[in-house]
Structure formats: structure tokens, C-alpha cells
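Student: Sharing the record's features from TrEMBL:
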TRANSMEM  7-24  transmembrane segment
DOMAIN    12-138  domain 'EamA'
TRANSMEM  36-55  transmembrane segment
TRANSMEM  67-85  transmembrane segment
TRANSMEM  91-112  transmembrane segment
TRANSMEM  124-146  transmembrane segment
TRANSMEM  179-199  transmembrane segment
Amino acid sequence: MKQRSSLFYGSLILIQNILLGIGNPVAKYGMSSFPFFLYASVRFLLGCLFLVLIFHKRIFGGMKASFWKPGTLISALTAGAYIPGTLTFKYTTATSAGFLFALPVIFTPFLMRFVSKVKIAKKKYIPILVVVAGTYLLCCGSGGFTVGPGEAMAVASSFLVACVLEFSSLHLRHMEPLLLAACQAGFTGAAIIIAGIIYSNVMPEHRTGGTP
């Protein structure tokens, strides 16, 4: 596999976070305006189809027996992270959710110790805490911070995102990245359809006040 510079991969992370930041208020609006789970599932399933159509040779070529166990685990964690992360916007503001969605930077180092057996130097915790504190001030500094079902879902989502990052880092070197991406998209799209059906029958209606 062709190696690229750290700047290239860093730019991908930056683009991802920009898109996620834009998506927070959009998701907040969508949850109150239209059947968001339906559109979200279609988006993921179309993403899976797009990857298969464009990169089918690499995807089908990467389908080895060794892929399915870790690939399914990572895909399930991805779906598990996205679903409560989406429901968060039904029960809290986009700004509070934005702060809590930054918590993978806290969870990931601890997961690395138990999953990859990698110790993080103590000095690296300082910038992590600075990032979390700064994110809190940006998102919740003026309006305060409350704890409720939305916040609990956001924390659960952040923990699962950290799990996705850690297990992907552990297994991705032994699998085709495009196959994993397609599997994540397809699995998440199917899971969202099921979650949407369950949500419409189980979760109570609730709307939060305040400015997103």
C-alpha cells in the first residue's frame, strides 16, 4: 500500500471534523423536522453502494476470512456510535453534544492501554485536557451544562467512537480499508433502519429548549 505523508492523513481528520461540526446543527434540525432515521439510513446505504460500484475490485479482493470477525466488530461499533449520537440531538442542544463528542480524546488513551497494551506518556495528557477544556468553553461556557438522557447518549457515542478508533488502528493494517468503509456504511445503514423502527415505538417524545 502506498504510504502518504502525515500531513495528508491529518488533513483527512480535519475535513472529517469540519463535516461533523456542520452536521451537528443539521442533525438537530432534522430530528425535529423530518424522519431523520430514514434519510440517514439511505445516506449510509447509498454510500456503501457508491464504494462498491467505484472500488469493487479492491473491495471484493479484500474479502478474506480473516476480515469478517474484526470487520464486523468495527462496523457494529460504528453503528452503535452513530445511533445514540444521532438521538442525542433529540434530547439536548447541539452545543452540549458538540462538547461531549470531543471525549474520544479522553477515552482512546485508556483503551490503548487495555486493547493495544500501549502506554501513553503522562505529558501527553496535558494537551488532551487543554483540548477538552477549550471545547467545553466554546460549546458550553456561556449557557451552562446539564446532564440528562441526551448527554448520556453523547457520552456513550463518544466511547464507542473511541472503540472504533482503537480497533481500527489495531486491525486496519491487515485488511482492505475500502472494504471496511463499505462494511461500516452498509452495517450502519441497516442498523439505523432497525433503530428507527424501535425508536418510534419506544422512545418518548421530548424537545429541549434553548439555542442549538
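First residue shown is number 1, and so on along the chain.
The backbone N, Cα and C atoms fix where each Cβ goes, and this holds for glycine too.
Since this is a predicted model, take the numbers as computed values, not measurements.
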Student: Quick one: DSSP breakdown of the domain 'EamA' (12-138) into helix, strand and coil?
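Tutor: Result for the domain 'EamA' (12-138), in helix, strand, coil order: 111 helix, 0 strand, 16 coil.
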Student: Which range out of 7-24, 91-112, 179-199 gives the transmembrane segment (36-55) the most CB pairs under 8 Å?
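Tutor: Result: 179-199.
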Student: Quick one: mean pLDDT on the domain 'EamA' (12-138)?
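Tutor: So the average pLDDT across the domain 'EamA' (12-138) works out to 81.
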